[in-house]
Amino acid sequence: MSWGTELWDQFDNLEKHTQWGIDILEKYIKFVKERTEIELSYAKQLRNLSKKYQPKKNSKEEEEYKYTSCKAFISNLNEMNDYAGQHEVISENMASQIIVDLARYVQELKQERKSNFHDGRKAQQHIETCWKQLESSKRRFERDCKEADRAQQYFEKMDADINVTKADVEKARQQAQIRHQMAEDSKADYSSILQKFNHEQHEYYHTHIPNIFQKIQEMEERRIVRMGESMKTYAEVDRQVIPIIGKCLDGIVKAAESIDQKNDSQLVIEAYKSGFEPPGDIEFEDYTQPMKRTVSDNSLSNSRGEGKPDLKFGGKSKGKLWPFIKKNKLMSLLTSPHQPPPPPPASASPSAVPNGPQSPKQQKEPLSHRFNEFMTSKPKIHCFRSLKRGLSLKLGATPEDFSNLPPEQRRKKLQQKVDELNKEIQKEMDQRDAITKMKDVYLKNPQMGDPASLDHKLAEVSQNIEKLRVETQKFEAWLAEVEGRLPARSEQARRQSGLYDSQNPPTVNNCAQDRESPDGSYTEEQSQESEMKVLATDFDDEFDDEEPLPAIGTCKALYTFEGQNEGTISVVEGETLYVIEEDKGDGWTRIRRNEDEEGYVPTSYVEVCLDKNAKDS
């Protein structure tokens, strides 16, 4: 089966077919190229996906990824990154082993095809030229024969005519002979050209064309084989990465099998364990008995002297409920009056209604009375320190000793801080050793440097080490203090704590026992000696650095108000004061007389003029 013998007359169709074969090969190259682009795009998307879900450094997410399930997820992301790398390998191998190779082969194929069809067209043109020569000699031979016949007939006619001279007859005879000779020459030439054409035609159809078509056939078959080999390479490139992709998938399975739910549960305990003991039983409060209270100075003095107030606010049973009390609620209990404001006096006389028909002095809420008694004892200092620490936490300030955290979390933070400081100390010590060695080298070889130039740096490093050690001792002391307070402390510590509780009146040590402030922050627990040594000035100093609330306007007292309840302030008719808090709907306005004296007055007793800028802000 040969194109040279079977398709000897299909030159044009073979030319079209071979061009179609090259187009198919180029189309396959384009297909592989688009596949490589898809692989690269897919790999890029996988990498971006893996990067997107990676935990951010120095963020809360990084702390959350300590759980085994999250670690498995990280392993999944890493394996996905490697998986994406294999798709990049597929793209690279296809580009180098298929696209580049086939593109070069297509150029060679086009050149070979062009050469073969050029030879075919050249042979075709040659046979066409021979055919034209044959046709030309044939027409000339035919013309000469006709001319010879006419000359012979003319001679015979002249020879038969008796009226024609002998000279004319001779001339006609010579002309006939010339034409006859020309016909013979044309015949010989035609015969020669015909033989030559037949030979060329035989060579063309039986030698040249078969050889050229055979080359074209071989070229086309090589193209087909090359395309098949490229398809095999295409599959092999994919097959080569399958084992590595399998390892990636095995890694994902292994990471999934490493998930330990029990370990994660333990980590949750370590992350959120507060170290507090569950609250005790709430004592029964009998409201059937009349509550005898007095707010006179004598009763308050007696309460402080005896250390036995009527009610135990913040005792052990209620102290455990501190974590569930909102800070703003506590502040309102401490500062805002708990009675509705009195109506304005019926007459313009300031003495007409001194305190109003519903003055807070006449009736008190039990909770307000408890706070009144609570505020007259020294433990208020610690409670307000706890409150201040909670407020500072809400404002974003974190105490250095992490006292805003529950005991267990505070212990972990302190331990972490101690470890960090120890690492810094070790780093500074290594630096000091390096400087010392360099100084020794300078001492032995003065030409290398001046030893005295390192003294300043050595002193600076030593000073840093000393500072870090002092800092470490401070945090270690806090850590030891916290570890001594955790529920798992020794029996001796428990006995000492019980002795301490029994030696202090309930009202005095209530706030000291409660280690959690109203916002859930952890506060310091003072010993008995420090409790007895605290002076009233300590409480004032504790809040000296608190900035007063800014004034939002002014007010003028319309009537005289004698504020005799906690949180209120006395005003005189016509007095001008600063407004620091508007009426929140309870009928009271918070005002300030100077930097140290402020409180609430009934809104109906004053004429308020708010500053426009402050109101807008």
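Even glycines carry a Cβ here, placed using N, Cα and C.
Taking DSSP states H, G and I as helix and E and B as strand, the region 'Required for self-association and induction of membrane tubulation' (1-79) has 63 helix, 0 strand, 16 coil. According to Swiss-Prot, the feature region 'Required for self-association and induction of membrane tubulation' maps to 1-79 (among others).
Annotation source Swiss-Prot lists region 'Interaction with microtubules' at 1-335, citing similarity to another entry.
According to Swiss-Prot, the feature domain 'F-BAR' maps to 1-264, an assignment based on sequence analysis.
Sequence-distant neighbours of LYS66 (N6-acetyllysine) (same chain, six or more apart, CB under 8 Å from its CB) are LEU267, listed in sequence order. The annotation N6-acetyllysine is assigned in Swiss-Prot to LYS66 (among others) on the grounds of a large-scale study or a structure entry.
Mapped onto three states, the DSSP output places LYS110 (N6-acetyllysine) in helix. The feature N6-acetyllysine is assigned by Swiss-Prot to LYS110 (among others), with a large-scale study or a structure entry given as support.
Other Cβ atoms within 10 Å of the Cβ of LYS166 (site 'Mediates end-to-end attachment of dimers') number 8 in total over all chains. Per Swiss-Prot, site 'Mediates end-to-end attachment of dimers' is recorded for LYS166.
Residues or ranges marked as region 'Required for self-association and induction of membrane tubulation' by Swiss-Prot: 251-617 (among others).
Residues annotated as region 'Disordered' in Swiss-Prot: 280-315 (among others).
According to Swiss-Prot, the feature phosphoserine maps to SER296 (among others).
What Swiss-Prot lists as phosphoserine is SER299 (among others).
Residues annotated as region 'Disordered' in Swiss-Prot: 333-366 (among others).
Positions annotated as compositional bias 'Pro residues' by Swiss-Prot: 338-347.
Annotation comment: Swiss-Prot describes SER349 (among others) as phosphoserine.
Feature annotation from Swiss-Prot assigns phosphoserine to SER359 (among others).
Annotation comment: Swiss-Prot describes 400-552 as region 'Interaction with RND2', evidence class similarity to another entry.
As annotated by Swiss-Prot, domain 'REM-1' applies to 404-481.
Within its own chain, LYS110 (N6-acetyllysine) has ILE22 as residues 6 or more apart in sequence whose C-beta sits under 8 angstroms from its own.
Residue counts for the region 'Interaction with FASLG' (553-610) under DSSP (helix as H, G, I; strand as E, B; rest coil) come to 3 helix, 29 strand, 26 coil.
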